[in-house]
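Everything on this sheet refers to the single structure shown next.
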Amino acid sequence: MSRPKPNILVTGTPGVGKTTFCEALAAASSLEHLEVSKMVREKRLYREWDDELDCSIFDEEMVQDALEPLLESGGCVVDFHSSSFLDESLVDLVVVLRVDTSTLYDRLEKRHYPESKVKQNVEAEIFQSCLDEVFEEADIQIWEMPHDTEEHMEEALERVLGFVRSFG
């Protein structure tokens, strides 16, 4: 599929800074920021709710149906912690943001996440769950990038903007 602008998936454990990164990328480029967790909430793209973790359990098919029309013409930066349900033909680059677990713990605590949710997300980062679920067999560039500091964010932003400029 040929698109005039790329679609970039930015993924990682909750708390690594996906939304902050995507907002900066969208502001520095002509890409549209699609904050999938916000779409899930606003469009109710879920069928279940987890009371213990106080979050929705998104419905992959519903999210895919909402995203596909937006991604077909390109020019989107997709911000979400999950990727395995996406149609890989709609994604041109995957950026997996990583963060030190102590930094992640502090960020999640500041969000007032329940201890069980903090622990679950720190373990997901330790076991690189988000990286491991990204299109294993696809022919897509996957960039794993640290996102602990402002300097890391600037470096990652410059690298991804270079990809955007050279796309096509």
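Glycine is treated like the rest: Cβ placed from N, Cα and C.
Summarising the annotation, TrEMBL assigns ATP binding site to G15, G17, K18, T19, T20, R111. According to TrEMBL, the feature region 'NMPbind' maps to 35-58. Annotation source TrEMBL lists region 'LID' at 110-120.
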Those binding-site residues listed as G15, G17, and which of them has the most Cβ atoms within 10 Å of its own Cβ: G15
Sparsest-packed among the binding-site residues, when each Cβ's other Cβ atoms within 10 Å are tallied, from T19, T20: T20
Helix, strand and coil residues within the region 'NMPbind' (35-58) as assigned by DSSP: 8 helix, 10 strand, 6 coil
CB-centroid shell, 8 A cutoff, ATP site G15, G17, K18, T19, T20, R111, site residues removed: P14, V16, F21, R107
Candidate with the highest Cβ count within 10 Å, taken from the binding-site residues K18, R111: K18
Maximal Cα-Cα distance (Å) across residues annotated as binding ATP, namely G15, G17, K18, T19, T20, R111: 15
